[in-house]
């Protein structure tokens, strides 16, 4: 029995609340159970140096956690003067995930800057950030289309992410903190709406996992992400 009482293949309660803040071109509060991430998308009329004059745009991301997003308070990274390696890894992952479904030429020389701020953490913050950031990005693109900044949507597909793991020899979907801190294997999977893999991050926390375990976790992630994409479509009014 999972601590939450969920079945092994069950997601937590998922919600995607659009237009959560006033100023950003796209904003979403994404909740995976008790994990809550505010995702905003800002349209910037500039591109990084490596894209200048290319006619292409860029999609990038930043990630952070509020000091009391976790059980005990942690200092703001700004107060420490630098980002942790974990933060850098996660924000690069979010950026790669978003770019995997964007036609940068269709975006023109604009940057879509995604900010993902963890308000409350209970496992799976990076997967919630990716899933919510896509919806925020979609709304930002809709704003660009409305304002005549671009002629056609640069979004080619959906993208979402979920965690899977082995807990007491059983593959489980969408781990919360209690499971994540005690699992045998922890894996994060990012996929597109059409079923393409963007990233698979898997680590054995104790004993190595088998190929059969890997296949079982991957199948579980595929099914979970298909449901997350459906949640995205419903939130965006596309279902």
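Even glycines carry a Cβ here, placed using N, Cα and C.
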Fill in: Which of 76, 80, 86, 156 belongs with 124, 125, 126 in the phosphate site listed by Swiss-Prot
86
Worksheet item: Which one of these binding-site residues, 86, 126, has the sparsest Cβ neighbourhood, judged by other Cβ atoms within 10 angstroms?
Response: 86
Practice prompt. Inside 10 Å of the Cβ of residue 124 (phosphate binding site), count up the other Cβ atoms and send me the figure.
Written response: 25
Item to complete: Note the Cβ centroid of 86, 124, 125, 126, the recorded phosphate site, then list each other residue of that chain whose Cβ lies within 8 Å of it, in sequence.
Response: 63, 90, 118, 121, 123, 127, 128, 129, 188
Worksheet item: Sorted by position, what residues of the same chain at least six away from residue 125 (phosphate binding site) have a C-beta under 8 A from it?
Response: 35, 37, 65, 90, 118
